[in-house]
Structures are given as structure tokens and as C-alpha cells.
Amino acid sequence: MIYWDHAASTPPYDEVIQTMTEVMKKHYGNPSSIHRMGEDAARLIKRAREVCAASLHVKPPEVILTTGATEGNNMAIKGTAMQYGSRGKHIITTQIEHPSVYDSCLELEKHGYEVTYLPVDSKGMVNPSEVASTVRKDTILVSVMHVNNETGAVQPLAEIGQAVKQANPLTIFHIDGVQGFGKLPVQLEEWKADLYTLSAHKIRGPKGTGVLYKREGITLHPLLSGGKQESGLRAGTENIPGFVAMSKAMRMAAEQTDTFMREVGALKSALLAWIRKTPSLELNSFEEGAPHIVNVSFPGMKAEVLLHTLEEHGMLVSTKSACSSKTAEPSRVLLAMGRSGDAASSAIRISMGMTNTQQDLDRLLAALETAVNRLQPLRQEGMK
Amino acid sequence: MNYDMLLLRFGEFTLKGKNRNRFEKTVLTHVRSVLSSYPAAQIQKEYGRLYVALNGENASQLIEELKKIFGIISISPVVVCPSQLDKIVETSTSFLENLDLQKETTFKVTARRVWKAFPHPSQEMNHLVGSPLLKKFTMLKVSMKDPELQLRVEIREQGTYIYCEVIPAVGGFPRGSNGKGMLLLSGGIDSPVAGFTSMRRGLEVECVHFYSYPFTSLKAKEKVMELAKVLSGYAGEVKLHLVPFTEIQTSFTGLGQDNLIITLMRRSMLRIATMLAEREGALAIVTGDSLGQVASQTLSSMNVIGRTTDLPILRPLIMMDKSEIIDIAKRIGTYELSILPYEDCCTIFVPKSPATNPNLRIVESIEASLANLQTMLEEAVERTETVVLTPESMIEAAEDGIDEEWF
């Protein structure tokens, strides 16, 4: 089996697993306890927070430790809405966000907030000037992802951040950075980011851990009530082994970003070149996108069929995002890019990591070729 | 803008006739120690100022570090160009372009012809450089008196220095150039600020902290070490004396004089600090007292407390408001540490109504009734643990079982 689903989750680094095991075994104290074991646990959290902060070039108090991106995105969006609802009720996001952002916004609409879902062009990009003209006096939040999880499209965050702050300096700018960290340079200051979400299991860290960066001076209304952990922003006993291991994964991923871009980017270029030569396939990803995601449609063939055919050949890929791949609907992201229903229902996502090699890619290309040739005659237009 | 050099100006110590050399040498050593992590940078010394040639080192990073050097009052990033009129005008133009003027700005050029073989004298240069700039940048308005923007042009044989920004630096006297004092470091907001302001005046500071385990936690001790570590960033290194105070502090309880506990405690602290000063060769005691802030800082409390030592007690914050102290604490990076909520020896055994007007005679007679007070004080000094902290110090409680490899 060769794993081509790194945008869904990644194989943890051996070092991460080792850290998890050792810390879990040794430091089971509760960081809120005031005896020695509690203090040691608290010190581990403190150190983990420092390492996470250093990887993002921010200050340790600006790092909130979470259970992952779903929590981070919910906390960023709902927490901002609840905190700053008296300032305004308008929120801007895009049509291509991850469900944890998109559905949070849908939820807020039920509570009297007004949400603008910005369209994207055929390459899946948001237009910064459209952001600029949409921000209003009562816009409290703009939420845009760094890298799209289905197509790998990279948003022009510096321009968008500039546009947001120029139009309304009080508007909070949130970035869902889940698919970008470790894959592309992250420049929170240049982007003018106020909030930035990260998940550890996408960067070879443990599941159930993540970071929400919250710029100094921004207040969020907590979603969980209880203890005073995370400065009162997130009640609940800290996941000590998880957070320590996450800090290690973040440090390693940040240090390896250049290598990732170079090595995985080379695999992607080769894959793109092969797909371009195959007339029955339509690309939804582009050279200028993130180095690890290739989304391709095989119009007329349900994505699941291609996926299972590839699986027979030992290639594990995915359809849409893992979080919505079990629903049978066409991809909302691809429809937003103006793709046909056929194209949006037949797309698979191949997402790569540093554990993939050139030999892996050769096998993938062979498998793709066989699968496409076999399924080609069975295609139906306007399929359901 | 790519700067070539930094110009560092010395502060008031340049007025001090005979000691000036010693002061300058101290600053130079300090600058050198900062530059050691920027190997390409080179120092050029001149009368009353220093130039640091960057040779490709990062200007803004270096400015951030050099700004903290005591004795330097301001820093200007400098661009160097060949000493030819057209090059000087060209460089000045790109210098102003880089400033990206958005509103009307008063302006003048101040040229200084150090190299007398240069064909245009200083006055003439002001015009030769100024007029093309005025033509190009419409936001500029000439003002000879107190302009917002002053472009300095220093013409030297080896090249012309152009600069306009004057970045304020910390000022004060070179570090350690004005003797040594013992700082009572509690863990609160004030004492680290008192330490910093003393250091800025050239005082070498050794910190004294009193702990009362188990009434105070190990975290409180760790916090004080962190504070001393921040201070060491300004001094290179800082000595911290950790004095066990439990026995002395508890001996003052149960005397039926709870309202005097703070007074008695402070007097003992001063006595211990004085003994340590003698041992370390320090000539003053520094405290974070601010007049009237708490019961022990009223004038009559300070009178009763201060009588226990013959050394001068320096109170740099005495006439400052809390908000001013907090501002400095935030700026020097001690505030966030100071507000960590751990009990220290000054916050335990605090009576409901501490005396704001203690009676010296009663205090003295209580102390006289404690036969072993002097022994306890001497023992405390003996059992004092001394650690040296530097900005690189790793502060961890002993054997915490934390492996740095995990991160």
C-alpha cells in the first residue's frame, strides 16, 4: 500500500511517537495540581507552548493549545462572533472553506449573523479587491484559508490581509492554516493575521492536538466553560503528551518546509505533467498551488469508483476532503470554481508527503493509467 | 533600505572629564559582546560616538540589541556613498523615497564637510542636496528651525555618511561603571524595575531574594530566577542570592504584634542584605519602594525600617506612580513574569491591618525580646544559596524529569 492521503492525515514522525510514549508514561500529573508532579506537567506545557510559538514566530501567550483545527476554527469564528457581536454582525468567508469554518458560519447565520461567502475564480482563488469591497463597518471577521484542502489552491493572504485592515482596521482576520503549515512559508505578521488555526496531525504530529494563534490584544469568547486552562479560553485538562509531541512536530515541520517544497513539489510537477497528457482527466490543481495536493476529475465516472480501482492497485487516495468524503454530493469547492457537476462528482485528491518517493510516484502513474484505461469505456455523462 | 553602518551616540557620561575614558571603554566592551554574534560587523570609534559597519549583518536586529546598551542614547542607521556630488544627491533621493512620506513634513539638510578637499563647503552642500530633493518630494517644506526631518550628510574622504533617523536608545551610564548595590528582589512588579533603573545608571546589581518554603512554593523561587534572568539581559550576568527566610519570618508570628510583622520582616531583610553587601563588597541597598504604595512604604515605616542599615538605601521608584512603573516593567520584559500569581515572602503572614505608623521603640523592644534573632540572621546568610544567571540560563527545578529531546 502506498499512502497518498497526506492532506487527510499524516504518518507521525518516529520522534513524535517516542515523545508521546515517554511523556505519557512519566508525566501523568495534572498541570493544575500544585504539587511537584503538577508543576512538572505545567512546565512541560509551558515549554511546549514556547516551542510552538517559536515555530510561528509569535509570543508564547499568543498560542492557545486546542484539540485540533475543528476546535480552533470553531473557537476563532464563534468566539469572535460572541465577543464582538455588539460591534457588528457581519462575517466574510469564502465558498471554498473547510466545513469546520463553512458550517460554523452557517450556524452563526441561524443566530442572526450575516455571512458573505466570497466566490473564487476558476483556479480557486479569492480576489483581494473583492474582499476590500465587501468589508463593511460592521464586519467583525474575515476568515480565509491559506491552502485549500481539496485543490491545494493558495490564497493571496498578504493582499487579503492588507485589504481587510485598510477597509476596516477593527475587522479580525482569521486564517485556517491547516494545509499550509510545513508546506509553504508562513508569515503571520506580513499577512496581518489576528487568528491562525493549525492541526498537528496534518504535519506528522499526534491527532487530537492543534494550535490557535491569537494575536495579543484580541479577545475571544470561550466556547467551553470550566477550568481556567489556556488563560480561561479553553477549559479542560491539557493533553500533555499530545502538546509536547505537537511542539516537536511543529518544530520539525517548520524546519523542513524548504525541503518539503522542493522534494514534494517535484513529485507534484511530475504528476501534473502526466495528467496533462491524459485527455480524459481534468486538472483542478495548478503548478502555483501548494506542493502536496493534486486534484483531478475523471468526468463521467463517480470518484469512489476510481478511488477503489486505485486501491486495488495499492494506491490510497481520497475524494474531496476527508471530512466530507462520505457524503455523496459533488464537491462544493469544485462547483465554486465553476466546474461542471460531472467534474465535481468525479474528482479524486492525491496528496503527498515526504514519505513518498519517486518510485512510489512511478507506481501511482502506472496504476492511474491502468485504472483510467479500464474505466474509460464505462463513463456516463450527467451521472448521478 | 540597505544600511551600511549604524551610528551610536554616547550619553551624558561624555561630560565627565577624567572618567570619560573608563566609561567609553566599558561601553565599547559591551558593544563588542553584542557584536560577537554578528561576526561581520566592525566597530569604528570616534570622538563621542561609535560607528558599526554592518558588512551585510541585519540592521534592524542589531539595532534592537544595541538599543539596550547602557550609555548609548541614540542610534542612526547610515547609508554610505562615494564622496561625489551626484552620488550624494542620488543616495539622498533614494533615502527619502524609502521613507514613503505621506503627509507634509518640515525638512532641512545638514551637511558637514569633514574632508576639506571636497570641492563644496558645508553651506553650499545644504543647497546642492536640498533643492533637488524639494523639487522631487512635494511633501517636503523647508524649515531651518526644528524640522521634523533632518537629513544629515557627513562628507569624509573614505565616503559620505547619510542618515536621518534618530532611534532613541536606553541611555544612562555604561554598565557597572558606578559601583555595586544589593537589590531586594521580591517577585512583584516594582523591584525588577528598580533593578533595571539602577543598572541603567551604571550600578552593578546583585539580587537578594527571601523565600519561605513551604509557605511559598518552589515556583515562586523559579519565578524570581526568571526575573533575574531578564535583568541579566541588561547586565550580561546577574548574581542572585536566595536567602532562606522561613525561620525568621515565623518567629515574628504569635507575638501578639501581628500589625508589626511586616515592619519586623523588612528590618530583618535589610540586616541580611547589609551583611551580604559587606561580603560582596556592595555599597548600597536598592529597593522597589514607592512612597505610600503599601504600609511598609509610608514615610514613617521607611523611617523605622531604614534605621537597620548604615548603607545608603537607594529607592529609584520612590516618587513614581504605579502606572509609570508598570509601563517600564512591560518595556523591559518583567511585567508578564511579575504578575504570575505565586505567593512570595512579602504576601504571606500579611496582617489585616499592617502598621502604617510603627513605633520604633516598640519594634526595637520586640526584637530585643527575640534572643536568637541575631543567630538566625547569621544562619540565614550562611545558608544563602547564590546562583549566577545569564540570558542563556535554563531555569528548571532540580530533577524535574523533563527531557529537552522531547521538544
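Just so you know, glycine gets a Cβ as well, placed from its N, Cα and C.
Any TrEMBL annotation is an automated prediction that lacks curation.
Under the heading ATP binding site, TrEMBL lists B:L184, B:L185, B:H209, B:F210, B:R266, B:G288, B:Q297. For B:H209 (ATP binding site), the count of additional Cβ atoms within 10 Å of its Cβ stands at 27 [all protein chains shown].
The domain 'THUMP' feature in TrEMBL is assigned to B:60-166.
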Provide the three-state secondary structure of B:Q297 (ATP binding site) computed with DSSP. helix
Tell me the coarse DSSP state (helix, strand, coil) of B:L185 (ATP binding site). coil
Counting every protein chain shown, other Cβ atoms within 10 Å of the Cβ of B:G288 (ATP binding site) number 25
Where the record says B:L184, B:L185, B:H209, B:F210, B:R266, B:G288, B:Q297 bind ATP, what is the longest distance in Å from one Cα to another among those residues? 18
List every residue in the same chain as B:L185 (ATP binding site), at least 6 positions away in sequence, whose Cβ is under 8 Å from its Cβ. B:S191, B:P192, B:G195, B:C207, B:V208, B:H209, B:V224, B:L227, B:A228, B:L240
Using a 10 Å cut-off, grab the number of neighbouring Cβ atoms around the Cβ of B:F210 (ATP binding site), all chains included. 28
B:R266 (ATP binding site) falls, by DSSP collapsed to helix, strand or coil, into helix
For B:H209 (ATP binding site), which of the three DSSP-derived states applies: helix, strand, or coil? strand
For the domain 'THUMP' (B:60-166), how many residues does DSSP put in helix, in strand and in coil? 37 helix, 35 strand, 35 coil
